[in-house]
Amino acid sequence: MAAHQEKKLAEERKHQNMKNGTKAPQGQWGRAWEVDWFSLASILFLLMFAPLIVYYFIMSCAQYQCSLTDPLLDLLTGNKHLSDIWNRTPMLTYWAAGIYSLWVTFQVILYMSIPDFCHKFLPGYVGGVQEGAVTPAGAVNKYEINGLQAWIITHMLWFANAFCLHFFSPTIIFDNWIPLLWCANILGYAVSTFAMIKGYFFPTNAKDCKFTGNFFYDYMMGIEFNPRIGKWFDFKLFFNGRPGIVAWTLINLSFAAKQQELYGEVTNSMILVNVLQGIYVLDFFWNEAWYLKTIDICHDHFGWYLGWGDCVWLPYLYTLQGLYLVYNPVHLCTAHAVGVLILGLLGYYIFRVTNHQKDLFRRTDGNCRIWGKRPEYIECSYMSVDGTKYYSKLMTSGFWGWARHFNYTGDLMGSLAYCLACGFEHILPYFYIIYMTILLTHRCIRDEHRCSSKYGKDWKRYTAVVPYRLLPGIF
């Protein structure tokens with residue numbers, strides 16, 4: 001009910017500002033208040049077809065050796081009907097439902113019940129209770145950062161089972177991959193729907209809710225900024241990192257185990273995928289406190305985009321390289337393997353150092369050294385929803401002087417390395433770099449639109465100093 005009252009108050013403030021000839025302060029921060037036809041069409045397309053896209057990729061591997069064209073050719077030529085493909089698709093089983101329920105419950109227990117202890121003995125690691133960024137309504141949430149701990153415990157148990165206990169096969173994830181897909185979809189839709197209902201009737205913070213009046217947009221992009229149950233269970237932090245990203249490395253390990261079972265060896269391409277993606281996952285959890293300052297936590301509301309995306313899209317499409325290599329084992333020559341490794345590590349280095357520079361700059365308020373020099377920056381200010389004025393600085397030194405999102409450039413280099421490890425026989429494993437290029441380019445534009453609204457003229461001064469987004473001299 002509080003959310004309904006906040007919705008009415010927001011509409012009244014909007015009309016009052018329009019009457020006075022000023023822009024509503026809510027429009028300065030966060031997602032849109034009004035939905036144009038193109039955005040609505042895009043959202044309807046994703047809501048209808050994104051689950052089918054995931055199914056198509058997984059089905060093409062299970063039935064067509066990962067060929068994306070053969071299923072379409074079979075259907076167009078009449079060799080097969082949709083019913084033939086569907087009838088060969090494994091259905092939801094009680095076994096898969098039990099595995100998935102146990103997995104999610106275990107991650108909830110690790111998230112909620114075991115305070116972080118890694119920060120007490122790992123130098124440089126920031127864990128335990130940490131504060132997030134200021135929300136649009138001026139609130140500051142606290143988080144229990146224990147993702148690295150959850151990852152370590154989970155993987156210790158995984159290896160203990162694989163080499164000593166033998167309660168289940170290490171190939172269990174691959175063997176139930178499609179039945180687990182149905183479980184992930186059920187959770188994704190259940191969480192997204194619950195978040196929608198919660199935003200309307202019992203939000204955590206009504207002042208941080210946004211309503212456009214368009215059901216589909218609100219369902220996809222979310223109403224609540226930081227939906228929570230109790231003091232510590234934060235939907236955004238949990239679902240983005242656990243169960244999705246903790247599962248990422250376990251999924252790859254299961255794929256490697258299946259390759260060993262089928263062919264008697266694990267190829268160097270599979271090892272590269274496991275190592276490079278494992279570095280990325282570990283980096284995420286080592287810097288989980290830093291993640292509290294990123295776009296997902298600081299700006300995105302929690303809806304289907306994050307809820308279903310974290311449960312289904314992330315674990316199923318981010319792991320396509322490993323899945324592909326089970327069906328199409330690739331043995332790379334030494335030069336190819338070394339090239340992939342160098343590209344992946346260089347991309348990670350750029351990604352990590354760029355983010356470290358920004359984090360260091362923020363933590364010290366600019367009183368630090370970037371590449372041996374005092375950093376240069378643009379002074380700027382912005383207003384929160386309650387009218388409070390805040391001051392900030394936008395760095396123009398180091399990698400941030402090369403491009404406004406050079407961390408994304410490193411991310412894309414790493415993404416390309418994962419794909420190149422799979423050779424050149426099929427396009428399926430290259431979906432990841434195609435998707436990441438679209439995602440990060442769109443994120444650049446979305447982030448800059450938000451920053452332009454937030455900082456106004458100060459943002460124009462910043463873009464004049466740093467004119468490129470991703471590639472210096474090009475884009």
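Cβ from N, Cα, C; glycine included.
Taken from TrEMBL, the feature compositional bias 'Basic and acidic residues' covers 1-15.
Feature annotation from TrEMBL assigns region 'Disordered' to 1-26.
Sequence annotations record features per position, and here TrEMBL assigns transmembrane segment to 37-58 (among others).
Annotated transmembrane segment per TrEMBL: 92-114 (among others), in sequence order.
According to TrEMBL, the feature transmembrane segment maps to 148-168 (among others). Listed as Cβ neighbours of the transmembrane segment (148-168) (distance under 8 Å, sequence separation of 6 or more from its ends, same chain) are residues 106-107, 110-111, 114, 116-118, 122, 125, 127, 242, 246, 249-250, 253, 257, 281-282, 285-286, 288.
Per TrEMBL, transmembrane segment is recorded for 180-201 (among others). Sequence-remote contacts of a segment are chain residues at least 6 beyond its ends whose Cβ falls under 8 Å from one of its Cβ atoms, and for the transmembrane segment (180-201) they are 1, 3-4, 51, 54-55, 58, 91-92, 96-97, 99-101, 104, 173, 209, 218-219, 222-224, 227, 235, 239, 302-304, 307-312, 315-316.
The annotation transmembrane segment is assigned in TrEMBL to 237-255 (among others).
Summarising the annotation, TrEMBL assigns transmembrane segment to 262-282 (among others). Sequence-distant contacts of the transmembrane segment (262-282), counting only residues of its own chain at least 6 positions beyond either end whose CB sits under 8 Å from a CB of the stretch, comprise 148, 151, 245-246, 248-249, 252-253, 255-256, 318-319, 321-322, 325-326, 329-332, 337, 340-341, 344-345, 348, 414, 417-418, 421-423.
Feature annotation from TrEMBL assigns transmembrane segment to 302-320 (among others).
Here TrEMBL flags 332-351 (among others) as transmembrane segment.
If you look up TrEMBL, you'll see 415-440 (among others) marked as transmembrane segment. For the transmembrane segment (415-440), the residues of the chain that approach it from at least six positions outside its boundaries are 57, 60-61, 66-68, 269, 272-273, 276-277, 317-318, 320-321, 324-325, 328, 330, 332, 336-337, 339-341, 343-344, 347, 405, 408, 470, judged by C-beta separation under 8 angstroms.
When Cβ-Cβ distances below 8 Å are used as the criterion, the transmembrane segment (92-114) is approached by residues 144, 146, 149-150, 153-154, 172, 176, 179-180, 182-184, 187, 232-233, 238, 242-243, 246-247 of the same chain, each at least six residues removed from its ends.
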